[in-house]
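So that you can see what the record holds, here are the features copied from Swiss-Prot:
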BINDING   S64, N115, E159, N166, Y190, Y242, V260  substrate binding site
Amino acid sequence: MKPTKELLAGILDEVRPLIGQGKVADYIPALAGISATKLGIAVCYNDGEIIQAGDTQERFSIQSISKVMSLTLAMSLYEPEEIWRRVGKEPSGHAFNSMIQLELENGIPRNPFINAGALVVSDLLHSRLAAPQYRMLELVRKLSCNPHLTYDKAVAASEMQHSDRNASIAYLMRSFGNFENEVMPVLTNYFSYCSLNMSCIDLARTFSYLANKGLPLGAKKTIISQTQSKQMNALLATCGLYDGAGEFAYRVGMPGKSGVGGGIVAIVPGEMSITVWSPELDPSGNSLAGTAALELLAERIGRSIF
């Protein structure tokens with residue numbers, strides 16, 4: 001079954017009663033004031049067709065969803081072994097900002113989608129690029145087909161003001177020899193990436209390359225190889241939703257990536273990319289209503305990688 005606007009709107013109506021049962025991220029002050037009632041879903045087919053319902057054009061802070069794009073950029077700059085000797089490919093089973101395993105495992109983060117792993121990726125970008133923030137924005141604008149996307153300076157500044165834990169993670173990795181650059185410039189880049197403001201439609205278009213073997217919308221050349229696209233989807237399926245990755249795989253059955261801004265992106269390889277947005281989060285930091293909406297959509301259209 002192919003999603004229709006009516007199907008998507010009906011799913012949003014079904015999950016709307018969940019609003020009020022989660023919690024908007026408040027540890028980043030600039031995000032705490034977001035309306036909890038926002039709810040949207042957008043589907044982008046590999047041919048560029050968009051089907052959407054709800055609040056799909058309003059931009060929000062994508063936060064950890066940006067970790068997929070920063071890893072994509074790193075994959076285009078480094079040989080695989082240069083990346084994977086510094087960050088692992090395993091689920092962590094701990095909170096996204098945990099330091100427990102990092103101490104026990106000699107400063108090597110479990111995967112690139114927890115904070116420690118994303119900071120290593122940001123460190124890699126800082127080592128190889130003269131203007132990493134510019135290159136990241138250039139990539140996202142290209143993938144989304146939207147030249148007007150920007151960083152949210154207020155959100156980035158808010159995160160920098162409350163950066164003690166992320167700085168501690170970076171300094172701990174540096175003490176193990178797994179951080180090449182000065183910590184604060186890398187943190188500045190990292191928070192800028194997280195502050196990207198995008199809509200459901202922007203994100204669905206952006207992630208089309210992972211549904212199409214590395215080929216972005218409207219492009220003639222892949223941005224990562226078919227093999228790398230497959231590997232990225234594997235990582236998203238096992239590590240993309242923090243310590244809720246197993247629950248998401250069980251309920252939704254698609255590779256996915258979440259952010260504490262309330263967005264979740266999911267991939268149906270070979271067919272479509274999907275974005276949902278609902279700012280209230282579950283205890284793992286994933287969108288409560290968004291996960292439920294994706295579960296219903298997967299069931300109704302009969303899609304799963306399992």
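Any Cβ shown, glycine's included, is placed from N, Cα and C.
N166 (substrate binding site) is surrounded by 22 other CB atoms, counting those within 10 A of its CB over all protein chains shown. Within the same chain, residues at least six positions away from Y190 (substrate binding site) with a Cβ under 8 Å of its Cβ are A118, L119, S122, N166.
In the three-state DSSP classification, S64 (substrate binding site) falls within a helix.
DSSP assigns V260 (substrate binding site) to coil in the three-state reduction, placing it in neither a helix nor a strand. Residues S64, N115, E159, N166, Y190, Y242, V260, recorded as binding substrate, reach a greatest CA to CA spacing of 19 Å. Sequence-distant neighbours of E159 (substrate binding site) (same chain, 6+ residues apart, CB-CB distance under 8 A): I28, A30, F191, C194, S195.
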